Amino acid sequence: MGPVMLDVEGFELDAEEREILAHPLVGGLILFTRNYHDPEQLRELVRQIRSSARNHLVIAVDQEGGRVQRFREGFTRLPAAQSFAALLGMDAGGKLAEEAGWLMACEMIAMDIDISFAPVLDVGHLSAAIGERSFHEEPENVLAMAKRFITGMQSAGMKATGKHFPGHGAVSADSHKETPRDPRPAAEIRRHDMLPFRELISYNMLDAVMPAHVVYSDVDPLPASGSPYWLKQVLRKELGFDGVIFSDDLSMEGAAILGSYAERGQAALDAGCDMILVCNNRKGAVSVLDNLSPIKAERVTRLYHKGVITRQELMASARWKQVSGELTALHERWQTHKAGQ
């Protein structure tokens, strides 16, 4: 299994993409909205990807809910994480969050997609990049809601990825556009932002972690996604995490501080990442594949989905019909709530 996760351009593979997917360093593929037209087309694209790849790839998507849901038409419209507690309270919201985790995972597994990069464990709604993607402004409540969501995901056969370690919730800048800096004392980050990660790791509920492209300037001059301190010292040694560490997308401006594409990829692997994401830049991806030394990402093979349900079976089930309706209603309530603020 190779350590590089790539993307593809459209609704079906072109000849160059088939060739790239056969490269031994490619171990994963992430899908975006541009890859989706309808469920049948998506299923065929996944089949093409599987048949073209040398390795048994981990196929991923960001299907969190709210504003980050890559596949919408033909799938349940998932509400933003914040809406569960904000509109339903912790108890009823937690119950529906667990059902949301189950339904999201089932809908993706029916497409033969292994993981959705979820849930978001960032605390609070200040950050432009996070906002409603966070379950709550209190770390204990983020933890409680995330536990329910992950329980649902895992019951469907999907592994959970917590993001963005050690916490992106307190910085207003968007790491897709620049390198955010969080100047808060290390003790505050550890006590506040890291709590959901720390506790979920102790419960053995996180299968993977995605670090933040944020510089925590009181701690380390490198963004967490390229920092041996955060990934090896804190995440691996202090917290005892033995799951998969993903880099966030090395094409984001927040990663530019790490150098060229090949340098960014090597830096992320050297820092402790198991798998690096290189998206939205074909030349950058090819550069990484051409320049990385051969390496195996053995932990990543743990992330294959374990589900066997078909789309037809899922949508015929009473549970899916009930939960899909409840989630759609909450999504619509949340849109109305936001419009009235």
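Please read every residue number as a count from 1 along the shown chain.
Note that Cβ sites are derived from N, Cα and C of the backbone, with glycine treated the same way.
Listed features, source Swiss-Prot:
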BINDING   ASP62, ARG70, ARG133, LYS163, HIS164  substrate binding site
SITE      ASP174  site 'Important for catalytic activity'
ACT_SITE  HIS176  active site, proton donor/acceptor
ACT_SITE  ASP248  active site, nucleophile
Helix, strand or coil at ASP248 (active site, nucleophile) [DSSP, three-state]: strand
Rounded inter-Cα distance in Å - ASP174 (site 'Important for catalytic activity'), HIS164 (substrate binding site): 12
Per DSSP, three-state class assigned to ASP174 (site 'Important for catalytic activity'): coil
Neighbour count (Cβ, 10 Å) for HIS164 (substrate binding site): 27
Intrachain C-beta neighbours of LYS163 (substrate binding site), sequence separation six or more, cut-off 8 angstroms: PHE117, ALA118, PRO119, VAL120, LEU121, ASP122, VAL209, MET210, PRO211, ALA212, ASP248
Three-state secondary structure, which DSSP defines for ARG70 (substrate binding site): coil
Taking residues ASP62, ARG70, ARG133, LYS163, HIS164, which bind substrate in the record, the widest Cα spacing (Å, whole number): 19
CB contacts for ASP62 (substrate binding site) [other CB atoms within 10 A, all chains]: 20
Densest Cβ neighbourhood among ARG70, ARG133 (binding-site residues), 10 Å radius: ARG133
Least Cβ-crowded entry, counting other Cβ within 10 Å, from the recorded positions listed as ASP174, ASP248: ASP174
